[in-house]
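Read the structure below first, then the notes.
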Amino acid sequence: MAAPPYDVEKEAHGNPPRVSDTFKGPYSPGSHEATVVETNKLQRNLKGRHMQMIAIGGAIGAGLFVSSGGALRSGGPGSLVICFMIIGFMIMLMMQALAELAVMYPVNGAFYTYVVRFVDPSWGFAIGWDYAIQWLTILPFEITAAGLTINYWHTYNIGIWCAVFLIALTIIQFFGVRGYGEVEFVLSMIKIAACIGFIIFGIIVDCGGVPTDNRGYIGARYWHSPEEAFRNGFKGFCSVFVTASFAFGGTELTGLAAAEAADPVKQIPKASKQVFWRITFFYVVNLFILGLIVPASSDVLLGSSGANTKASPFVLAIQLAGVKGLPSVFNAVITIAVLSVANSCTYGSTRTLQAMAANGMAPKIFAYVDKKGRPIPTIILQLLFGCLAFINEASDTGGTIFSWLLALSGIANFFVYGSIALAHIRFRQAWKLQGHTIDELPYKAMFGVWGSYLCVFMNFLCLVAQFYVALWVSPAYLPIGGTPDAETFFNLYLALPLLILLYGIWKIIALFRIPEHRPLYVKIKDIDVYTGM
């Protein structure tokens, strides 16, 4: 029998009840006693301009400005542009699915909550914890990276700058989500201006318009012999495929911010549509221009990883043109970009952990939110993890420890993006089963449910590509040969056994404490599509 008519627009603008207060169905996150946590609510202080800037420039960081150099050298300019276009399209599909869910259910925890609710509580537990661990471990890396960018001008003890940047991040936390939004707004504006400036600069260089550049007119010279558009064959292509996926990491924060957006019904669709322009303009066009004016065979690009700005292809492009002073300006932009990602780290982990604690999937203490809407315990935890940046003082072992910390989150994004698309597919199935039509949705994904099917498939291909690269990389981490090595493989693929472990932990807990969480997945007929609208 069809469900009674339901006014989605009215409910979306209202004050939706908490899941744990309303629905006690068999697969609600609030269906076991551990979820009853009384606390203050997060505050909706993110305005439209904040959401737009988080969507457009929030995730632009060292992945674009530095790591793209390693991808250029290993795959060539052709692979670089094509792979970023493919992964960019995958991100668009994911963001459209997330936007539809986030407008419908602007709840705390966003996609973690959707996976628990529409797919499986155990898988949601694994995804939530892995996502939180990803941001917890990336923060000390980003703080270190910001400190390393200073070495472009003068070499200082890395611990000094780690302390400075950690204090700066701590101060931002005092201002709650509004502080995060304002900082991201300003830093994203700077990054966007730098991207636009580089495109203009690159066109002038390619046309031979820089007097200090003795190369003259370049055109597509670096796409032809003796250079190569596609280097190292299929292995080179696969390695760029993986690098591109990491460079887009953080795009999903727009959905996570839905619970603190002033008007999610209006702001999230607008912000999600901006992702197209960010992908097209700030990634694809910039990298196409980069491939025209920087030779992929340059030995300088061998060190393009982390925040080694001396090996940044963008800085190298300016140096090859002989323009003095401008490399320092772009190095400052990279420093700002890295700090922006560090700011996003504190937001991504704290909100995910707070939501998990409120639903009984993390220690109860992390559920606490003060009267100003700040999840204080999770913020303290994140900043304590930031102190791991001081490991770099141990010059012999610091790099090794960091390498394994980052390995915990290595391929986490692929599972997160695929799970978001899967949650959208199952939501649509449940929505239809309850007798509703697509026309009733306040926002519909641009590519529909088939876009989510394609997104799941593309994420699977990403995992296969990463598996292939993890098995057959050389010691220099370039796909130019080599034999399988256990240490290298687990360094690149450690997130998979971590996810399996986390999934097993909740299944074991469910076996003894939560019988309704024991099945392998949530049946479509048991999915609640009303709570939190």
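For all residues, glycine too, the Cβ spot is worked out from N, Cα and C.
Listed in TrEMBL for this protein:
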type	residues	note
REGION	1-32	region 'Disordered'
DOMAIN	50-516	domain 'Amino acid permease/ SLC12A'
TRANSMEM	53-72	transmembrane segment
TRANSMEM	78-95	transmembrane segment
TRANSMEM	131-153	transmembrane segment
TRANSMEM	160-179	transmembrane segment
TRANSMEM	185-205	transmembrane segment
TRANSMEM	275-294	transmembrane segment
TRANSMEM	314-342	transmembrane segment
TRANSMEM	376-395	transmembrane segment
TRANSMEM	401-425	transmembrane segment
TRANSMEM	446-469	transmembrane segment
TRANSMEM	489-512	transmembrane segment
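Per-stretch counts of Cβ pairs under 8 Å to the transmembrane segment (275-294) identify 185-205 as the leading one among 160-179, 185-205, 489-512.
Counting Cβ pairs closer than 8 Å and at least 6 residues apart in sequence, the transmembrane segment (314-342) and the transmembrane segment (131-153) reach three or more and so form a contact. Residues 68, 71-72, 223, 229-231, 236-237, 240-241, 243-245, 247-248, 251-252, 254-255, 272, 275-276, 279-280, 283-284, 287-288, 290-291, 417, 420-421, 446-447, 451-452, 454-455, 458-459, 462 of the same chain, all 6+ positions outside the transmembrane segment (78-95), place their C-beta atoms under 8 angstroms from a C-beta of that stretch. When each of 53-72, 401-425, 446-469 is checked for Cβ pairs under 8 Å to the transmembrane segment (131-153), 401-425 comes out on top.
Model confidence over the domain 'Amino acid permease/ SLC12A' (50-516) stands at 85, taken as the mean pLDDT rounded to a whole number. For the transmembrane segment (160-179), the list of distant contacts is 42-43, 45-46, 143-144, 146-147, 150, 257, 260, 339, 342-343, 346-347, 372-374, 379, 383, 386-387, 389-390, 392: same-chain residues at least six beyond its ends, Cβ to Cβ under 8 Å.
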